[in-house]
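Just below is one structure, and these are the notes that go with it.
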Amino acid sequence: MTDAAQRISELRNELDAHNYRYYVLDEPSVPDAEYDRLFRELQALEAEHPELVTPESPTQRVGGEALSAFGEVRHEVPMLSLGNAFEEDDLRAFDRSVQSGLGLAGGDLFGGGAEVEYSCEPKLDGLAVSLRYENGQLVRGATRGDGSTGEDISANVRTIRNVPLKLQGEGWPQVLEVRGEVFMPKAGFEELNARQAEAGGKTFANPRNAAAGSLRQLDPKITASRPLEFCCYGVGQVSGELPGTQVAMLQQLKAWGIPISRELKLAKGVEACLDYYRDIGQRRMSLAYDIDGVVFKVNNIEDQQQLGFRARTPHWAIAHKFPAQEELTELLDVEFQVGRTGAVTPVARLKPVKVAGVMVANATLHNMDEVARLGVMIGDTVIIRRAGDVIPQVMAVVPERRPADARPVHIPEQCPVCGSAVERTQLIKRSKGKASVSEGSVYRCVGRLSCQAQLKQAIIHFVSRRAMDIEGLGDKTIEQLVDEKLIGSPADLYKLTYEQIIGLEGFAEVSSNKLLAAIENSKRPSLARFIYALGIPDVGEETAKVLARSLASLERVRQALPEVLTYLPDIGLEVAHEIHSFFEDAHNQQVISALLGECGLELQDEGELSAEFSAVATLGGMLDKLNIPTVGPGAAQKLAERFGSLEGVLNGDWLDMRQALPERQAKAVREFFDETANAQRARAIEQQLREFGMHWESEKKVAEGLPLAGQTWVLTGTLEVMSRDVAKEKLESLGAKVAGSVSAKTHCVVAGPGAGSKLAKASELGVKVLDEAQFLEQLKSYGIEA
């Protein structure tokens, strides 16, 4: 090694050590002037010896060449969002849910229960990112995006001063993906805005907007000039072992040079969590950065894995949000807007006022029921809040300030956009047993797609990135297409011609051809994307994925009865009715038929019903779903055990019915099925369960030929080649049942690194144990690759 190379290596190591002490330990070891001197010396040496410059050198944070666009990054482990708690009772309910999920006493409302350990840290108000290290070197940075796919911001994250370009120490996993928040400290935000104002540039409303805008610059040199910082809160994909608790894992990351929260604490029990929340809340304004709450996570990693996930949120973590900031202002007027589903909703026009750093002139009033509840009138002084520090809403009226000329708010009789009638629909909650309960009302424009507001919103949703992903069809272009009457439904997009497009404002030959190509390229969507694009009320992206993954064909989704849909994860009866009603609508049927017929769309991943839902129904469960008055799950199961079939229940005599149930319930069952419509409905549900392969009598057929049928397996510890969710799916596809605890009936336990009590229990009971390599070999023997 030459003298220059030796000195460069020494300087890099010394500067990395100073950065670690400054940003991670908060213990500066040298004055800023000394750091700057060392940095300039390194710059000079690298300028003299450019062949010695490496990507991880501290001098390379200044940013490289500008990009034309961000690349796409698929997250191997999805970056999920957190559920929210807004009140102390919400957090206590979360704690009870955790205890129940872990099988601890106290999972009910009144039990004491064991105290669960939680990690506690502030919820930074910034942008979630992923940093991937391979062999200790930073190789990629990505935004959260939609949780499954983000943007490649590697060049930009390398410019953030406290992000280590290479890890400290030793023993890190070969692949280590850390997740955290990029944010802008308050002081840096004020300095940036002062510089922007002095230069005549755009100032930012708040530190979060400044951080997001700075991180997503195509020119990394701009990002390098912004005072951004990173704080790690967890990990994603890891090939190797990490400590078995959240706090110990974060402390290990800190030892490797990854910055973590200085406010990280361990709390035992929910009351200690609430103490932490109150303490941070009191110190919130004095912190060097903006926060909007506190995050609590079950500390034990194996417990986290046992608790699992909902569609988009973990069962083992929650964000306890702070109350939103509020201000007083005047309600100048109420206007009405029309949404994608025709809902006519009131919007408050306000005298502009600054709330949480943002100038607010409009706020949501939600619906006319909320207007009535508030008793709000035009001219009132109102309290507005930025809910979640994002969406402004009217919270209350100050009645003593009401002027004499205040005017009541009236819903228009005609749609403000198309002039069609506005009709009031009562929202009914179909409660279990029995009596339907009103949940307020909604006013809708009956114009449907003849209403330009509804049509525009429907098309905007249809072409959006997470739906059909037709690039080049922005909101303004869609407005032109609708205003010029070139499209009247989503199907008309596929009939557009070059001559029609080039006549639009902002389009020339190249852009017109690009748009036509984008429309053509969208003709082979996944089933989930297509379902989401249809804009079914209450069906978001995750519910669309559930429908596609579970039923695996559009025809099954279209035919599915509401009660059958409720067998799918996270689909309740209300959403099921929305789905069923949407596909029963004649106009919707016409649009779908046009898309799949003359427009030439081909859905790519249709197939057989997911094995997870084969024979998922039981007779007792189906009877319970019929909502027979006074008959709950227990009584429904007694009926199933007594009669053995639906026809047996329908035709059973009074004596048999009374032997199964008390007189009051037996009478309710008899009266329910005496109504022909109810009996027909029950038979229709059972018939569809048979057709879909979900009927309880399908179980024997499903089990035939499946090598693990009748076996119960348990997964524990960390699996490196595949996630535990994937392993569970593969086992279930072979006929196995995957349980959360070990018993004498357990056939086999798959144990990865970090396996704890379940592995010990398996050894105690003499249950067969496989490590991951052996498990993969067994899967391979059945023709299933990892």
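Even glycines carry a Cβ here, placed using N, Cα and C.
As recorded in Swiss-Prot:
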ACT_SITE  LYS123  active site, N6-AMP-lysine intermediate
BINDING   ASP32, ALA33, GLU34, TYR35, ASP36, SER81, LEU82, GLU121, ARG144, GLU181, LYS297, LYS321  NAD(+) binding site
BINDING   CYS415, CYS418, CYS445, CYS451  Zn(2+) binding site
DOMAIN    703-786  domain 'BRCT'
Residue, out of the binding-site residues CYS445, CYS451, whose Cβ gathers the largest set of other Cβ atoms within 10 Å: CYS445
Using Cα positions only, nearest of the binding-site residues to the residue listed as 'active site, N6-AMP-lysine intermediate' (ARG144, CYS418, CYS445, CYS451): ARG144
Helix-strand-coil residue split for the domain 'BRCT' (703-786), DSSP-based: 30 helix, 15 strand, 39 coil
LEU82, CYS415, CYS418 as binding-site residues, winner by CB count within 10 A: CYS415
Proximal residue to LYS297 (NAD(+) binding site) among binding-site residues CYS415, CYS445, CYS451 (C-alpha distance): CYS445
Position of peak Cβ density within 10 Å, selected from the binding-site residues ARG144, LYS297: LYS297
Non-site residues, in chain order, whose CB comes within 8 A of the mean position of the CB atoms of CYS415, CYS418, CYS445, CYS451 at Zn(2+): VAL338, GLY342, GLN414, PRO416, VAL417, GLY419, SER420, VAL422, VAL446, GLY447, SER450, GLN452, ALA453, GLN454
Cα distance (Å, whole number) from ARG144 (NAD(+) binding site) to CYS418 (Zn(2+) binding site): 39
Cβ atoms near LYS123 (active site, N6-AMP-lysine intermediate) (within 10 Å, other residues, all chains): 22
